[in-house]
Amino acid sequence: MSGKLTHIDQTGAANMVDVGSKDETERQAVAEGAVRMKPETLALILEGNAAKGDVIGTARLAGIMAAKRTSDLIPLCHPLMLTKVAVEIEPDENLPGLRVRALARLKGRTGVEMEALTAASVTCLTIYDMAKAVDRHMEIGSIRVIEKSGGKSGDWAVSDPASMR
């Protein structure tokens, strides 16, 4: 990994990286996050009794939609033709709360880490929004990339996925 910031030019100004000369390769990234909540809140969500409706289904769709809009939210991200976005939401009674995993994939010239991170983040934010009326003490955290593949820098994965849980 290079120690150089690619979005900063020689004068220190932010710029969008020119990826036009890069080869198109299959690229994928997976990000995760978690929403910690009261056990009663988790039960309410899992039973489908939240006042705003289907929390898990709505949050999953919000994450997918967010990945597709990443370049509208993050100033120097390229608009990408994603070929796959998937969001998984799993209950974790030990947290207690919901764990989120988001995958983004494409064949292109730049990575999809930001799209995976955006999907995971917005999924967590949507869970919070839909359950905040019953639990204002929810906590969003552990949002990070846990694996990526493709591109010039090759494949990478967190060596201990549980290290930040």
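Cβ coordinates are placed from backbone N, Cα and C, and glycine is handled just like the others.
As annotated by Swiss-Prot, active site applies to ASP129, with the evidence given as sequence analysis. Mapped onto three states, the DSSP output places ASP129 (active site) in helix. Taking the Cβ of ASP129 (active site) as centre and 10 Å as the limit, one finds 16 other Cβ atoms among all the protein chains shown.
The substrate binding site feature in Swiss-Prot is assigned to LEU76, CYS77, HIS78, MET114, GLU115. Over all protein chains present, the Cβ of LEU76 (substrate binding site) has 13 other Cβ atoms lying within 10 Å.
Between the two most distant C-alpha atoms of the annotated substrate binders (LEU76, CYS77, HIS78, MET114, GLU115) there are 12 Å.
Summary for the binding-site residues HIS78, MET114, GLU115: the Cβ-based neighbour count within 10 Å is maximal at GLU115. When the Cα atoms are compared, GLU115 (substrate binding site) and ASP129 (active site) turn out to be 21 Å apart.
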